[in-house]
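In what follows, a single structure is set out as structure tokens and then discussed.
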Amino acid sequence: MSEVTTQSKPERRKRQKLEDMEGYKPSIYGLTRDELIDWAVEHGEKKFRATQIWDWLYKKRVQSFEEMTNISKDFIAKLNDNFCVNPLKQRIVQESKDGTVKYLFELPDGMLIETVLMRQHYGLSVCVTTQVGCNIGCTFCASGLIKKQRDLTAGEIVAQIMLVQKYFDDRGDGERVSHVVVMGIGEPFDNYDNVLRFLRTINNDNGLAIGARHITVSTSGLAPKIKEFANEGVQVNLAVSLHAPNNDLRSSIMRINRSFPLEKLFEAIEYYIQTTNRRVTFEYIMLNEVNDHPENAQELADLTKKIRKLSYINLIPYNPVSEHDHYSRSTKERVAAFYDVLKKNGVNCVVRQEHGTDIDAACGQLRSNTMKRDRQKAVAEASGKSEGK
């Protein structure tokens, strides 16, 4: 993602740490079940109280401690003194004709993040954000228009799932979030510990119980973290944002490739496959006359040949971003020709189905557009006050 930033000068000042903000309390969603039990015991309660609280949070999905009717007022006071439940505020909801829902949430420090709900044939899938902004350096992506401001806490990541589920709970239609993809704004493995805690929380059988095989984490290619992740024992799916079949091209569109070129990346991927015996999915965004030539498809087939039985390639239509107008979407004919080369080489691949094309579809676009409007409004208000003096 590029170095372009749309922040105004006042926003560039050093930000106050979240935990130093007056009145800040972390979300209780940030605790694992074992940590919640330990905390309850340390505060004079029996272990079963923590189990009751966990059930209120993840099975009954309450939004305040006061709704926990079998918890004493004294213990509720302790909870309120130390935690909040959901730290996010809903700013904008956009619903597409195809059922895709895009949410803009405000964090306790006023920063904005996006979350997307996609209706699939197999259920409801939520795409969560893990960082405010991104420093990875993909030149085609809306997420990196704002540099990374901070990591999200584990509680803030879990809270996205909980608010999306609340959206459907309030509608009363009984629909449940069944799948999660960690593919929103930010690089998940650059916020490794919080993402791992999030995964273990939503996968917990006593809580949301989202199956590991229904969870996918996407990385742009932090090779050392891929190896580390292989040893964590979490059986979730791994996706790698590849987007180019050779180092020269990949380095030109993804800055991370300069640190972890394809040789290092594929060494880590092979280690992951050998360690977990799990398939890896490669994401390949189709950029018109950039990475969509038939020879690029042949290079991609050759690159993945060694791990063909345990790999899969998603060809992704590009969602244009106004700030990156030097890129455009590959034509259907070019995508079809690229796909045909892969299939002739025996590659498992698919052209990804698009979602939410009639709303701010590209990752980071809703947030970026909202920030622009907020700044324009602030400038207009400041100008009006100045003229009124």
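Cβ coordinates are placed from backbone N, Cα and C, and glycine is handled just like the others.
Note that the structure is predicted; figures quoted are calculated from it, not measured.
Just one of S218, S252, S259, S330 is listed by Swiss-Prot for the same S-adenosyl-L-methionine site as G186, E187, S241, L242, H243, N319, and that one is S218. Residues 370-389 are the range that Swiss-Prot records as region 'Disordered', among 10-29, 370-389. DSSP assigns S218 (S-adenosyl-L-methionine binding site) to a strand.
On the backbone, the CA of G186 (S-adenosyl-L-methionine binding site) and the CA of E114 (active site, proton acceptor) stand 11 Å apart.
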